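K.L.:
Input: one structure, supplied below.
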Amino acid sequence: SIDGKHARRTQSSSPLGELFDHGLDSWTASIFPLSLFSVFGCDSGKAGLTPMKMYLVTSVVLFTFMLSHWEKYNTGVLFLPWAYDISQLSMTFVYILTAIVGVETFHKPLFPHVYMTDFLITFLVGCSLLVALPHTVYNILIAYRQKTLLKSSVYEGLLPLFSPSLLFILLTAWTIFSPCNILNRQPRLFLWMVGILFSNVTCRVIICQMSNTRSEVFHWLLWPLALVVGLAVSGCLGTLEELTFFVITAFATTAHIHYGVCVGKQLSKHFHIYVFSLRKRYAA
């Protein structure tokens, strides 16, 4: 929360810093819910969360993060609603509470058939759907009425949403029709893969809105994912489905890190700045 203030204080603000900030945020947006799920537990009695509920909650959080950058892609202004701050404060409260009373407190009903996890998950999803999403749509409508939208057509404005929507469809199909029930067999790793893929898609949208360039229609990582999902749900992979899942997850993670390193080096070279130094210039 203070990286922007520190960058301005040291006069080191740059597009590279913006990409580092929002790019890493797009990754941690999936890691934060995953850490909460680990606290709540998976199928630990009535208070536990099922892997499918974890997946859906994670998807809502990631789409909400994506919508903020979709808004800037169309309006040129990045507005982060207070839902982001309150969600981080809520997580901090959960961690402190867990340290004091232990995880058992989440497995005891506050009211008949109502657990604390129900409140927290409802609050998390509610902030996303009832605060962040309406505000994004409102800001885009205001820009449309004021004729300040950066995109000339509805199609151009919706381009950044095509890849994440298709990504969600593919992953959901895999979770529902997987012969080996891959989400229940590998819940943590599956949610890790979800976060990686969404982060890579989001980072490309961030670069497009930073450079005022056209967003791609289909992200290239969707092609190998679509192939794997198709082979898995059709039963062609058989007993190799879980192994193939490990391979595609490792591949996506490696591709995402490679992409981040390469873009960071290119921006560093273009702006003549060091990645992890306040020195402004280096010899060309």
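Backbone N, Cα and C atoms are what each Cβ position is placed from, and that goes for glycine too.
TrEMBL: automatically predicted annotations, no manual curation.
The transmembrane segment annotation in TrEMBL covers 54-70, 82-103, 115-138, 158-177, 189-207, 219-240.
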K.L.:
With the transmembrane segment (219-240) as the reference, which stretch in 82-103, 115-138, 158-177, 189-207 has the largest tally of C-beta pairs below 8 Å?
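P.N.:
Looking at each of 82-103, 115-138, 158-177, 189-207 in turn, the most contacts to the transmembrane segment (219-240) are made by 158-177.
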K.L.:
For the transmembrane segment (158-177), could you work out the same-chain residues 6 or more beyond its ends whose Cβ comes under 8 Å from its Cβ atoms?
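P.N.:
Long-range Cβ neighbours of the transmembrane segment (158-177): 52, 55, 59, 62-63, 66, 69-70, 73, 183, 190, 194, 197-198, 201-202, 205, 208, 214-219, 222, 225-226, 229, 232-233.
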K.L.:
So what's near the transmembrane segment (189-207) in sequence-distant terms, Cβ-Cβ under 8 Å and 6+ beyond its ends?
P.N.:
18-19, 22-23, 26-27, 29-31, 33-34, 37, 51, 54-55, 58-59, 62, 65-66, 69-70, 73, 160, 163-164, 167, 171, 175, 182-183, 213, 215-216, 219, 221, 225, 245-246, 248-249, 252-253, 255-256, 259-260, 263
